[in-house]
Amino acid sequence: MTITPEPPPAVPTVPDLGGVQLGSELPAPVSPAPISPAPAGAPLLVDEPAPRLPRVGIGNDVHAYDEGRECWVAGVQWPGQPGLAGHSDGDVAAHAACDALLSAAGLGDLGSNYGTDRPEWANAAGVALLTETAKRVRAAGFLIGNVAIQLIGGAPRIGTRRAEAEQALAMAIGAPVSISATTTDGLGFTGRGEGLAATAVALVLM
Ligand SMILES: Nc1ccn([C@@H]2O[C@H](COP(=O)(O)O)[C@@H](O)[C@H]2O)c(=O)n1
Ligand SMILES: C[C@@]1(CO)OP(=O)(O)OP(=O)(O)OC[C@H]1O
């Protein structure tokens, strides 16, 4: 039986770039140095320092709105905005950042570090928890790279004071903090105006 080879797959066409060649501005690729196989009987473990890989951590927090409390979000007071319920000041942005840093450093979470059973943290400011968290992360031998936070909910509108809020939290951890926000387009508990949520990621180095 004669087998007819299938035609090669069609090469994707490249859009007309008006004479500009894709990749023409890139340096010529450099061939990697050949890697010699380890000689037979060589020990598998080499006496070299382990690479200092970055570690990421994730944090989430949610608090219900409480009109009777001052609104503290992302280390900043928001006059005229609904406050947040909680054992502390309910600053979801600072709390999510704490959890992300603790997670990156393998130091547990907010509850295991500052549980509601510890009266000394009652009504604590988010910035106070974050300052203490950064101290614990550094004491465990980590450098803090950065923290990124996203607020999820309608109020407060972080965009109106983003730089101020980022600076307040950056001062607390001694590293850059970026804050974004989304409203969820009216969906879910945040859309119904029941509360505010935040998610954060942190990067630390050993
Ligand atoms: N608490 C918030 C929520 C949103 N923003 C800003 O509004 C933009 C549009 O929100 P979507 O839900 O439609 O994505 C968002 O990108 C933020 O710039 C805010 O400042 N504070
Ligand atoms: C911060 C702590 C402690 O004061 O209390 P809350 O303000 O209730 O915050 P939450 O993020 O729900 O839990 C962590 C608690 O340990």
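Yeah, the Cβs are placed from backbone N, Cα and C, and that goes for glycine too.
Feature annotation from TrEMBL assigns divalent metal cation binding site to D61, H63, H95. Residues or ranges marked as 4-CDP-2-C-methyl-D-erythritol 2-phosphate binding site in TrEMBL: D61, V62, H63, H87, S88, D109, L110, G111, T182, T183, T184, D185, F189, R192. According to TrEMBL, the feature compositional bias 'Pro residues' maps to 1-12. Sequence annotations record features per position, and here TrEMBL assigns domain '2-C-methyl-D-erythritol 2,4-cyclodiphosphate synthase' to 55-204. Among the features that TrEMBL reports, region 'Disordered' is placed at 1-26. Annotated site 'Transition state stabilizer' per TrEMBL: H87, T183, in sequence order.
Feature map: TrEMBL annotations on the structure.
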{"residue": "D61", "record": "divalent metal cation binding site", "Cβ neighbours (10 Å)": "25"}
{"residue": "H63", "record": "divalent metal cation binding site", "Cβ neighbours (10 Å)": "23"}
{"residue": "H87", "record": "site 'Transition state stabilizer'", "Cβ neighbours (10 Å)": "16"}
{"residue": "S88", "record": "4-CDP-2-C-methyl-D-erythritol 2-phosphate binding site", "Cβ neighbours (10 Å)": "21"}
{"residue": "H95", "record": "divalent metal cation binding site", "Cβ neighbours (10 Å)": "29"}
{"residue": "L110", "record": "4-CDP-2-C-methyl-D-erythritol 2-phosphate binding site", "Cβ neighbours (10 Å)": "20"}
{"residue": "T182", "record": "4-CDP-2-C-methyl-D-erythritol 2-phosphate binding site", "Cβ neighbours (10 Å)": "14"}
{"residue": "T183", "record": "site 'Transition state stabilizer'", "Cβ neighbours (10 Å)": "14"}
{"residue": "T184", "record": "4-CDP-2-C-methyl-D-erythritol 2-phosphate binding site", "Cβ neighbours (10 Å)": "14"}
{"residue": "F189", "record": "4-CDP-2-C-methyl-D-erythritol 2-phosphate binding site", "Cβ neighbours (10 Å)": "15"}
### Distance, F189 (4-CDP-2-C-methyl-D-erythritol 2-phosphate binding site) to D61 (divalent metal cation binding site) (CA atoms, angstrom)
13
#### Entry: Cα-proximity to H95 (divalent metal cation binding site), 10 Å cut-off, over recorded positions T182, T183, T184, F189
none
### Task
Provide the three-state DSSP residue tally for the domain '2-C-methyl-D-erythritol 2,4-cyclodiphosphate synthase' (55-204): helix first, then strand, then coil.
59 helix, 44 strand, 47 coil
### Query
Just checking: which of the recorded positions D61, S88, H95, L110, T183, T184 have a C-beta under 6 Å from ligand 2?
D61, S88, H95, L110
### Query
Going by C-alpha distance, which of the binding-site residues S88, L110, F189 is nearest to T183 (site 'Transition state stabilizer')?
F189
### Query
In Å, rounded, how far does the Cα of F189 (4-CDP-2-C-methyl-D-erythritol 2-phosphate binding site) sit from the Cα of H63 (divalent metal cation binding site)?
11
### Task
Of H63, S88, H95, L110, T182, the binding-site residues listed, which put a C-beta under 6 Å from ligand 1? Please answer none if none do.
T182
### Overall pLDDT of the domain '2-C-methyl-D-erythritol 2,4-cyclodiphosphate synthase' (55-204), taken as the mean
97
#### Entry: Maximal Cα-Cα distance (Å) across residues annotated as binding 4-CDP-2-C-methyl-D-erythritol 2-phosphate, namely D61, V62, H63, H87, S88, D109, L110, G111, T182, T183, T184, D185, F189, R192
31
